[in-house]
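Notes for the one structure printed next.
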Amino acid sequence: MELMGNGGGRVNQEYPMGKRKTMAMEQDMDAGMDELLAELGYKVRSSSMADLAQKLELLDRAMGNSSALDDIFLSHLASDSVHYNPSDMSRWVDNMLSELDAPPSATFPSPSVVDLSPINVSSWLGYPAQPSLSIQSDCGSDSHLGLESREWKRIRTASSSADCSGGLIRPSEVVYSSAMPMMMVESDHEAGIRLVHALVACAEAIQEENYKSADAIMKQITFLTSSQHGAMRKVGVYFAEALGRRIYSLHPKQDHYLDSAFSDILQMHFYETCPYLKFAHFTANQAILEAFAGHRRVHVIDFGIKQGMQWPALMQALALRPGGPPSFRLTGIASPQSDNSDSLQKLGLKLAQLARTINVEFEFRGLVANSLADLEPYMLDVEPEVIAINSVFELHGLLALPGAIEKVLDTVRSLRPRIVTTVEQEANHNADGFLERFTEALHYYSTLFDSMDGGSDEGSPEKLMSEVFVGRQICNVVACEGFERTERHETLEQWMLRIRGAGFESVNLGSNAFKQASMLLALFGRGDEYRIEEKEGCLTLGWNNRPLIATSAWRVAGAGDGVEAAR
């Protein structure tokens, strides 16, 4: 071996034969090491990188799975055990895995051994049905897993390292045994199903008022949510927040006026990023336009005008009507605003400006009401005209107040409208039992978030705001009770029974609305996964096989084509 001397010349240095052979072997070993890790002082062969990465993941899960492992780790360092040089990373990880007894991975049943039929998780989330897990463990024979999709790996720890024949098993060996601690290497969809089961288990504990267990499961939910991505992560985050608020009674003081204004802004972003509100407005406008055909004086009463996004399209359609546009009145009902600003007046001025541009005779009137149940027929200033009443996601909130929905439907019937258009969520979030309501909400919003996932706008402020809009609904459904729980969604069938019982009959929305709504959905990414269905003259829009919103049209029973008004 040649070394540089102080004077710059070469100095020959001889080594004994044994030492030269040892050095040659070390050089051969170093030749296969990863250069980047070697510079940091760690010896890892490039060919062993994948295996080491998997072992590090297992070690991380084992050490992070329970706070009790902190004590195990410290006692391991304080014991007389042989501690391998950490620079030899592969041997060090093997040693740590052999010393750590991995605890059971969860405090509730594994999804592979739990019957999924009560909540049908697989069909909700688009996952394939999970095969049952059968473990046969006979001493001295190889156990096997009846699991075709993948193998669940169990790592034998050093504390129980002797098998039935008395031999020792290295930490890296995989054995199948049902009588020892284990760690599970899960795929994303398996972890997702575990998350769903954890959420349901927490809801069950809450219903039984076992808040100690619910608190323990919440910690597991936090861990499982952190491992998720995309729609499933959002489901975990928002449902975990809602459950946490219910467990710990975290109900922040709400300013009703400020909350209403903020909700309107969030709904506007939901309108821009998802097709659901556009579909609702489009189908309702189509029904109103057909009801107004041939009439010269028309009046729309909007039970929740908000930003007024629905009406420019209807006004433009009226302007193009054969024979010229009718005289159009619009009454918009809104909640009080916190800053006392007259947002309704500003909205009316904008709509009036549009009406002048397209030559439509227009009149706007705004009404402020804390609840639709506060309205009386005389407040709506009805004249000899054809009336349409429009409600988009407004009626379900009345179910929180005893008698409110009956009062509003009586008021509507007294106005003798030619048509009433309603849009509501196609879900049952108004069950008496908390667990039933929670399970239905988990099903519904998992599908909704799945439909919102991806796209070119993923991660944009608009998309995030629309997700907050949905998250606030989840929080209300899960965390609130009594009159504070206003997101009391019911199914189309329930609404049809209620509205028919109030003296109305359904109006078929027709094939035109169906065809044109289908064209609207083609403008959205993954549009082929949205599904429009017709049900008893009503239309529903859903994601794959799950309806999410329903549009229906009504008139006073026995009124025929409607009230004869000024033409």
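Each residue, glycine too, has its Cβ placed from N, Cα and C.
Per TrEMBL, the range carrying the annotation motif 'LXXLL motif' out of 240-244, 285-289, 395-399 is 395-399. Of all ranges given (181-213, 346-378), TrEMBL attaches the label region 'Leucine repeat II (LRII)' to 346-378. For the region 'Leucine repeat II (LRII)' (346-378), same-chain residues at least 6 beyond its ends with a Cβ under 8 Å from one of its own Cβ atoms are 303, 305, 307-308, 311-312, 315-316, 318-319, 325-336, 394, 398, 401, 403-404, 407-408, 411, 414-415. Residues 288, 292, 310-311, 314, 318, 326-333, 380, 382-383, 385-390, 415, 417 of the same chain lie 6 or more positions beyond the ends of the motif 'VHIID' (298-302) yet place their CB under 8 Å from a CB of it.
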